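Reviewing the structure listed below.
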Amino acid sequence: MSDNSQKKVIVGMSGGVDSSVSAYLLQQQGYHVEGLFMKNWEEDDDTEYCSAATDLADAQAVCDKLGIELHTVNFAAEYWDNVFELFLEEYKAGRTPNPDILCNKEIKFKAFLEFAAEDLGADYIATGHYVRRHDVDGKSRLLRGMDGNKDQSYFLYTLSHEQIAQSLFPVGELEKPQVRKIAEELELATAKKKDSTGICFIGERKFTDFLARYLPAQPGPILSVDDNKPMGQHQGLMYHTLGQRKGLGIGGVKDGGEDPWYVVDKDVANNILYVAQGHEHPRLMSHGLIAQQLHWVDRQPLTAELRCTVKTRYRQADIPCTVTPLGDDRITVRFDEPVAAVTPGQSAVFYLDDVCLGGGIIEERLQE
């Protein structure tokens, strides 16, 4: 076993079970471990929704139990400028961004990585993400986590091989039940804490209520895509995403049959929300997509056609596809089979077996 005791690792302690067990596992591997709690959002009047105080207390309790120092840092300004404002801009444009991907890119593997290295003298950072790192020929690769249900590589595709080389992912080799078991055996404060859901800055509150504070409601018509028949009113296109079924306010429609209604398109210029019946309606299906803002983990641009698999959203089954470079940092992706609810603003992430190659932002879906 290599001597890790000279190596300092700063673990991003979120107050959750995964980062808690990560800190313990790194201790067991002999590293000098310290924790860092990041505050990325300034609560104003939302204390009942914001769990930051509880999370910090839980992180502190775990660090006390493990006998490690816990540092704190406030990245709220960086988060607002580099994550939240972009998130709002995308919603205003009628797209559906993924703030967790942005947060990993701008905060956890940029602001945190720089702070840990420069201010705390870290050799590595570590997080509780369910991914694995594999070094080949001097380059670090990003692999899916061993737990297929929890794999989080989709959210980390923007990382470069250099960033991965500076990062450790201890729970990526484990399955979630094993992680909980370790926490319970150690009697860590976070052992039974449920996984956080929802977007980090929104917490458990209703998404539409949160968005309404920053983006004014813009009501407009809901039309049936098949015959332009009025189906109701929406309160704002930003509250709806392609493939959405709930929250449309369309009940039983005369002569409408039993199939539920789905969002199939948004006309941003005219503020129209288009819906159709059935989850396999042709307007919901795509044969491919065009992606931009590409990030390849090895940082080598794609120069030739590539056969691989793609995910257009988290937890989706892998879709076999062919990727073709278009130049100007864009690619065309053609699926072997049509895919439902491919959503502009979301990320398309590419894989070869367990290796995450990288990805990009979906610019448009191809329906032919």
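FYI, residue positions are counted from 1 along the chain as it appears here.
Cβ atoms here come from the backbone N, Cα and C positions, even for glycine.
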## Note on the structure
Of G128, G138, G145, G148, the one that Swiss-Prot places in the same ATP site as G12, M13, S14, G15, G16, V17, D18, S19, M38 is G128
## Note on the structure
The rounded CA-CA distance in Å from D18 (ATP binding site) to H129 (site 'Interaction with tRNA') is 7
### Task
For G12 (ATP binding site) and C103 (active site, nucleophile), determine the Cα separation and express it in whole Å.
13
### Query
S14 (ATP binding site): which of the recorded positions C103, H129, Q346 is the nearest Cα neighbour?
H129
#### Entry: Pairwise C-alpha maximum, in angstrom, for the residues (G12, M13, S14, G15, G16, V17, D18, S19, M38, G128) that bind ATP according to the record
16
### Task
Between G16 (ATP binding site) and H129 (site 'Interaction with tRNA'), find the distance joining the two CA atoms and give it rounded to the nearest Å.
11
